[in-house]
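Here is the structure we will look at, set down as structure tokens.
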Amino acid sequence: MAKPTFQLPARGASPDLELAKKAPKNADVYLVPVFKGEEGLELPASALLDDAALRTVLETLTAVGATGKADEITRVPAPEKVAADSIVAVGLGDSEDVTHETVRRAAGAAARSLTGVGTAVTTVGDFGLGPAVEGVALGAYQFRGIRSEEPTADALPVEKVIFLGDTKAAKDEFVTAQITAESVLLARDLVNTPASHLYPEAYAGILAAAGRDAGLDVEVLDEDALEKEGFGGILAVGRGSARPPRLVRLSWSPRKAKTSVALVGKGITFDTGGISLKPAAKMEDMISDMGGSAAVAATIIAAARLNLPVKVTATLPLAENMPSGTATRPGDVITHYGGLTSEIINTDAEGRLVLADALARASEDDPDYLVETATLTGAQMVALGARTAGVMGTDEFRDRVAGTGRSVGEPAWAMPLLEEQAEELKSPVADIRNSHNSRNAGMLFAGLYLSKFIHEDIEWAHVDIAGPSFNTGGVSGYTVKRATGVPVRTFVTLLRELAEQK
Ligand code: BES
Ligand code: MN
Ligand code: ZN
């Protein structure tokens, strides 16, 4: 792809990836998979080590205590005659139980251990080329932020990782994984960028440029256009900020498309809660409240780069939720795009207000499927923890999206919409209200609220990623700190499957 024309203040670093027919003359590291066998460590034969080298490396690894258990990293000197300085072995566990996710995680853990290395050649791809490529790209990723000094080479990710493969199928799998991983990294970069640098207007500019680079049609509505077209939810949420809201629409319309998919993503560039102000603790993490929109933008860019024969339209409402003298108040009634009205009980339930407009707009195009994702509720984490997304929607499609997530290592679980909460949606002054006075099932209430803006006959899924999109816990496998890029791989996989389906 041509060099991007869009500007972010900082991009995360990640290695160059290459597919080669055979190993280059020399490398700094050979990265090889090992297994935990019944009789100890197993080192599978591969294109990198001949029989003699294989025996020596296995002996050395065993001598220093390598067991082959999943994600275990062991580094030993390369034997003479091997064209690398050292051998890094990464455990894949029991060879009978290896899955794509095992390979992805091991590749990620290995890539993290290669910080400061120049070139590594790996045969981990022998056990899943695509997963190995994704694991390396995602695991090695480092976002350093905006700093006054350049990092030293020994602090940077491995510069280049070479995978081995010589068939057309290998080439296809490699390219698909690389494009997918690059989209995950784009989503991570966007989410990791602070609100000082990423506010609605700036973000819209970045998405427009990135969209054009990928060959998408781009439309950006500014505050005047939003006013004219009646996007009352987006305007209400953006009203408190000196930095006005935007609505970005990106479309990928290949001629051979048989299926159409609308994607929608929450783009709150910072969520203070507004007049219903959030507590100070961890409020800085609310730079990630645009994670849904970042994942959706990254997904449609991947769809274009993969030339998927499916029509995709992304609708991205961008706003900053701030308290001020111009901010929307609790008790206010707003009119959404399409005409439904909402009473605002809590200005911190702002995501659903901007999404309401966006879902109504996306529904108008009458897509076959509508998939939306948002860092919508703290209740998602209460229900499912920090890593598992909650999926609501029409029964069959909801289950399908949750299953797709699990199949690519982005855990997701189907959740119901509750009949009994219909009563709690009622307002004395508007069609519906944006919050209920209950501690029960907050994630499901938000899902029910959103359902009112989706036209009948559209298969839809809402994916609440409040926890999974931003990692505030430990690092493991290919999951690094802060932005994760979830659910880009779920969505790209879903689009690839929908493209093949008809
Ligand atoms: N952006 C938050 C949800 C969130 C919380 C995401 C923590 C990631 C981490 C959302 O806008 C919000 O504030 N939701 C409220 C809704 C409530 C006021 C009905 C919540 O979950 O507390
Ligand atoms: Mn909020
Ligand atoms: Zn929010």
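Heads up, the Cβ atoms here are built off N, Cα and C, so glycines get one too.
All TrEMBL annotations are machine predictions without curation.
Computed from a predicted structure; not experimentally measured.
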Write down the one residue from Asp271, Asp431, Asp457, Asp464 that TrEMBL lists together with Asp348, Glu350 as binding Mn(2+) 1. Asp271
Listed in TrEMBL for the Mn(2+) 2 site shared with Lys266, Asp271, Glu350, one of Asp289, Asp366, Asp368: Asp289
Sort out the residues at least 6 away from either end of the domain 'Cytosol aminopeptidase' (346-353), same chain, that have Cβ-Cβ distances under 8 Å to it, and list them. 233-234, 236-237, 266, 268, 271, 273-278, 289, 319, 321, 323, 327-330, 334, 336, 374-376, 434-435, 446, 449-450
In sequence order, which same-chain residues at least six apart have a C-beta under 8 angstroms from Arg352 (active site)? Leu376, Asn434, Ala446, Tyr449, Leu450
What does the structure give for the C-alpha distance between Asp348 (Mn(2+) 1 binding site) and Lys278 (active site)? Integer Å is fine. 8
Minimal Cβ count within 10 Å, across the binding-site residues Asp271, Glu350, points to Asp271
Tell me the Cα distance separating Lys278 (active site) from Asp289 (Mn(2+) 2 binding site), rounded to the nearest angstrom. 13
Among Asp289, Asp348, the one of these binding-site residues whose Cβ has the fewest neighbouring Cβ atoms within 10 Å: Asp348
